[in-house]
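Asker: Quick one: structure below, then a few questions.
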Amino acid sequence: MVVTEYELKPQNFPRFPLDWSEIFGRKAKIVVEIGFGNGEFLAELARRHPEKDFVGFEVSITSFVKAQKKFKRYNLKNVRLVKVDARFGLRELFPDNSVEKVYINFPCPWPKKRHESRRITSYDFLQTLSAVLEMDGTVEFATDEEWYAREVLDTFESSEYFVVDVFEENFKRDVETRYERKWKSQGKKTFLIVARKVKNGTVKRLMEGENTMAHSVFEGNVTWEKLKELEGKVFKDKNKIFVVKKVYRDGDYLLKVISTDEGGFQQVYYLNLSGRDGKWVLKLDEGSDPYRTPALKWSLRRIPEELTAQGSP
C-alpha cells in the first residue's frame, strides 16, 4: 500500500475510512498538517514527538520530494503523506473522533468570491473538522492576512462545535515554518488561532465502507462512431457530474474522463473498453489510480447505457 517509504495511496486500501493503527503498526495519537509545503514543520513535529503519528496532505509533487528527503534524513517512522485535496482526504480517510490536532499553516486565503468554498471557513470543512477531531482536539491556524484571520475567528466563535482558546497577533511557536520566519523578518503581522472541539459534529462521506473495484460488463453494437460522439458530452445526476474529454483507439479503446463529486472533488482518469463479438468490458485503465467515488462508479454505468441506447444521438 505504501508507494514510497512515506507516501500512501489510500485509493488502493480495502475500506474507508482507513485504519491508521494498521498503517503505522501501533495505536497512537494522530496529528494532521494540511499543506505541508517543503515538509520542514511536519518533520520537526514528528522528530520531537515520536510517541505520536503524523499525516500530511499536499498536492504538489515537488513538495513530496522535498519533504521525504527531510524525513529520510531524520529516519522518521511516524509520518505518512497523502497526495489529495485535504478537504476530501480529511473527511474520507479518518474516522470520527480520531484526530488529536490539525495544523493549517499560512494557506492560500482564496480572496475571490468564487473561491470562498476553498477556505477553511466553509461550512463543509467545518463539519469535517467537527466530526474527525477527537473531543477537545484542536485546529491550529496561522496566517499573515488579517482579514482572513478575522473571518476564521468569527467562524469558529459562531460555531456550536468549537471554542477559541487562542487568538494572537505576532505569535511565537517552538516550531516555525519557512513563511513564518520570512514574514517575521520582514516585520509583517502574523496571526494564530487555536480552536478546540467541544461538541461532536457529523459529516456525510462519499466512500464509507468497502472500496470495491469498479467495472461494467455489457452487450451491444459499439462502434468507433458512437464512441467519438461521446467526446465533450457532459453527464449530470444530482450531486455528481462527468465529461468524456477524449476517446482514443489503439487495439482497445481508451476514454479520458473528468468527474466531479459532491463537494467539488474532481478527478481525471482513463477507462479501458475492450470487447469481442458484441460483449464488452469497461474498466479503469491500469495506468489510472483514482478514488472509486460515486461519480466515477456512475460513469462506468452510464457510458455503457449511452453506447447501447437505441436511437441515441
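Note that Cβ sites are derived from N, Cα and C of the backbone, with glycine treated the same way.
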Asker: Which candidate from D85, D96 does Swiss-Prot annotate alongside E33, E58 at the S-adenosyl-L-methionine binding site?
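Answerer: Checking D85, D96 against Swiss-Prot: the S-adenosyl-L-methionine site match is D85.
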Asker: Rounded to a whole angstrom, what is the C-alpha distance between E33 (S-adenosyl-L-methionine binding site) and Y179 (substrate binding site)?
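Answerer: Between the alpha carbons of E33 (S-adenosyl-L-methionine binding site) and Y179 (substrate binding site) there are 15 Å.
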Asker: Counting all other Cβ atoms within 10 Å across every protein chain shown, which of the binding-site residues E33, D144 scores highest?
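Answerer: The residue with the most neighbouring Cβ atoms within 10 Å is E33.
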Asker: What other residues of this chain sit with their CB within 8 A of the center of the CB atoms of E33, E58, D85, the recorded S-adenosyl-L-methionine site?
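Answerer: Same chain, not in E33, E58, D85, Cβ within 8 Å: I34, G35, F36, G56, F57, V59, V82, K83, V84, A86, G89.
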Asker: DSSP secondary structure for E58 (S-adenosyl-L-methionine binding site), reduced to helix/strand/coil, please.
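Answerer: Assignment for E58 (S-adenosyl-L-methionine binding site) reads strand.
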Asker: Including all protein chains displayed, how many Cβ atoms other than that of E58 (S-adenosyl-L-methionine binding site) lie within 10 Å of its Cβ?
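Answerer: Cβ-Cβ neighbours of E58 (S-adenosyl-L-methionine binding site) within 10 Å number 24.
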